[in-house]
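Asks: Mind having a look at this structure? Questions to follow.
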Amino acid sequence: MAAAAAAVNGSLDRLDVHERKAQKSYWEEHSGELNLEAIMLDSRAAELDKEERPEVLSLLPSYEGKSILELGAGIGRFTGELAKTSGHVFAVDFVESVIKKNGSINDHYGNTSFMCADVTSTDLMIEANSIDLIFSNWLLMYLSDEEIDKLVERMVKWLKVGGYIFFRESCFHQTGDTERKFNPTHYREPRFYTKVFKECQTFNQDGTSFKLSLITFKCIGAYVNIKKDQNQICWLWKKVNSSEDGGFQSFLDNVQYKATGILRYERIFGDGYVSTGGAETTKEFVEKLNLKPGQKVLDVGCGIGGGDFYMAEKYGTHVVGIDLSINMIMFALERSIGCKCLVEFEVADCTTKTYPDHMFDVIYSRDTILHIQDKPSLFKSFFKWLKPGGKVLISDYCKSPGKPSEEFATYIKQRGYDLHDVEAYGQMLKNAGFSHVIAEDRTDQFLSVLQKELDKFEKNKDDFLSEFAQEDYDDIVNGWKAKLQRSSAGEQRWGLFVATK
């Protein structure tokens, strides 16, 4: 047994040596000219950098006076920006000419230090619990899976509790147009990185365990704007005590919207959709918005992105889709690859997310805001984010006026919903400042759509069971029948709301 383990370890070590040689050779070839185009491997580097660099910096937590470890620092595209307000930046890169160039550009800040080292090397010794922010941009894609596993564990140990890790990678495929003799880059699916970081757990000397909590996960908007490419993806994680509850996001991803659960829902709602009526109601409702090419749309609770792709492809709009569920955004990003449209996705909590005033022409939300307890505050945010003349369109679960039955109240509590009657819902939009508020009870349409979805689903039972279990089938059928019963009884309602700023 021990001999077998030693043989496996020896084999991995040889693979790691080969990996490091290949990556070093690759970067020595592409760092002959120490300029932006060479480092970004793209002829449009200057154009991309102008939009992308401030975007990346805007995604970071406050680092004023903080200690920053920058891994794979390159010629210092971010080093100088970080040094302007941080306490100290320790920049590391494994190509000597590159890190020397970085030092010559950024040493004058007086709070920077530079080291030529490979991040996988044990020679890189950082004191435990000493770093506030670990930053890397295009680093992990040049490491093997095994090297990433080891590095993540070390990074978590280096971080202070409450400290952050930010990293950005090229996923799925190459983006830069620079010609390459060979390319050892690992263009992974983003779910690989999410899994590795999410599952990492470390312990301090007294046995207390720590994990990483996901704060942000999104594609870089600059690459969507300029190249219509969603493969540039970044993550922001926070080091927390392992006993910390994951909150509502954890409930969504582990209970209501597990990966298999999302795929189940998609089978009844239709390809790309996880909300009532799928493509049919999307087309009907979106038509009410009079969308024009170039307009910017925010989709709150975007799910797996079907409605966003539809708006971007049919109307030429730029759509920003946000959802609290990591699983939803993971599917949306995977499906965006190759679409070549202006759609970007982000894991975000709409109750804490901020946008500049007057940023969007339309805010769109389908059967999502039922999860939000403080709707008045959210609607005030919507009002601020919209341009004058902008529209909001919301479909959502509602209830009848008055006190719900004991059974319906239990259902609402179990799901964590906050439901209002249609009139009260519309009044909240008016109170937030909106004009021309249309509040329609669409329960009859809801019943019709539910029945149509159920009939089609039952007809395709054998097809569904070829991929899913009988239990999954029963859950869907029973869930739809229960919704039909609650809505037929007049308890559960479905509202459509359109309003203008």
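Cβ coordinates come from backbone N, Cα and C, glycine included.
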Asks: Where Swiss-Prot shows Ser170, Thr175, Gly176, Arg180, Tyr187, Tyr265, Tyr411, Arg415, Tyr417, Lys483 binding phosphocholine, which of Tyr142, Tyr310, Tyr397, Tyr473 is named for the same site?
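Replies: Among Tyr142, Tyr310, Tyr397, Tyr473, only Tyr397 appears alongside Ser170, Thr175, Gly176, Arg180, Tyr187, Tyr265, Tyr411, Arg415, Tyr417, Lys483 as phosphocholine-binding in Swiss-Prot.
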Asks: Check Swiss-Prot for me: it has Gly72, Arg77, Asp93, Asp118, Val119, Val274, Ser275, Gly301, Asp323, Asp349, Cys350, Arg366 binding S-adenosyl-L-homocysteine, so pick out which one of Asn106, Asn137, Asn241, Asn290 it puts in that same site.
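Replies: Site partner of Gly72, Arg77, Asp93, Asp118, Val119, Val274, Ser275, Gly301, Asp323, Asp349, Cys350, Arg366 for S-adenosyl-L-homocysteine, according to Swiss-Prot: Asn137.
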Asks: Rounded to a whole number, what is the top Cα to Cα distance in Å among the residues the record ties to phosphocholine, namely Ser170, Thr175, Gly176, Arg180, Tyr187, Tyr265, Tyr397, Tyr411, Arg415, Tyr417, Lys483?
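Replies: Output for phosphocholine binders Ser170, Thr175, Gly176, Arg180, Tyr187, Tyr265, Tyr397, Tyr411, Arg415, Tyr417, Lys483: max Cα distance 58 Å.
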Asks: When DSSP is mapped onto helix/strand/coil, what comes out for Tyr265 (N-methylethanolamine phosphate binding site)?
Replies: helix
Asks: Tell me, how many other CB atoms lie within 10 A of the CB of Asp349 (S-adenosyl-L-homocysteine binding site), whichever protein chain they belong to?
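Replies: There are 14 of them.
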Asks: What's the most sparsely packed of the binding-site residues Arg366, Arg415, Lys483, counting other C-beta atoms within 10 A?
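Replies: Candidates: the binding-site residues Arg366, Arg415, Lys483. Fewest Cβ atoms within 10 Å: Arg415.
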Asks: Can you grab the distance from Gly416 (N-methylethanolamine phosphate binding site) over to Tyr187 (phosphocholine binding site)? Cα atoms, rounded to a whole Å.
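Replies: Here the two Cα atoms lie 38 Å apart.
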